[in-house]
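Participant: Below you'll find the structure I mean.
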Amino acid sequence: EDATPESEEEAAIDDNFNLPISLALLILLIYILCGCFIYTMWETWTYFEAFYFIFISMTTIGFGDYVPQHPAFMMMTTVYLVFGLALTAMCINIIQEKLSDTFRHASEKLKESFGHIMATATQGEEAALPEGKEVEVAEVHGGKTKNSTDTVTVKKET
């Protein structure tokens, strides 16, 4: 049997993982807090010291002033921090994608608005105004006084 080929749009894999920023940050916070609870049991650290160690390690600052003392838990620490680094990178990537998408949409709207303004200007201001409407036109360059304006009545010819 000949299978009908899918269109390119259907065949393309959607690489965008649309996870809200707040949910990604919540997952990261829960991951850190669970790690804090585990480290308070493994080490003789307070909850704040455990949070400090995890935050400093997962943001790759790594001062080294808090280091796990039990060598038996070193492999678990390595695995925990590797997954934490991946989770942190995912959160940063999601925030970057959302911000760039927001800026792209704003840029498109700005281009659309600017294009409409330019189209109106090239057609002439008279085309955009209804017939018989009076418009005040300020003198930009000329010999008139600073506050003087002219009144123009728009009349369309058919």
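If you go along the chain as it appears here, the first residue is 1 and each next one adds 1.
Using the three backbone atoms N, Cα and C, a Cβ is placed for every residue, glycine included.
Please treat TrEMBL annotations as automatic predictions, because they have not gone through curation.
The structure displayed is predicted, hence computed values, not measured ones.
Look at TrEMBL and you will find 27-99 tagged as domain 'Potassium channel'. Per TrEMBL, the feature transmembrane segment maps to 20-40, 47-67, 73-95.
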Participant: Could you count the residues of the domain 'Potassium channel' (27-99) that DSSP puts in helix, in strand and in coil?
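Facilitator: The domain 'Potassium channel' (27-99) comes out at 57 helix, 0 strand, 16 coil.
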Participant: Mind looking up the mean pLDDT for the domain 'Potassium channel' (27-99) in the predicted model?
Facilitator: 92
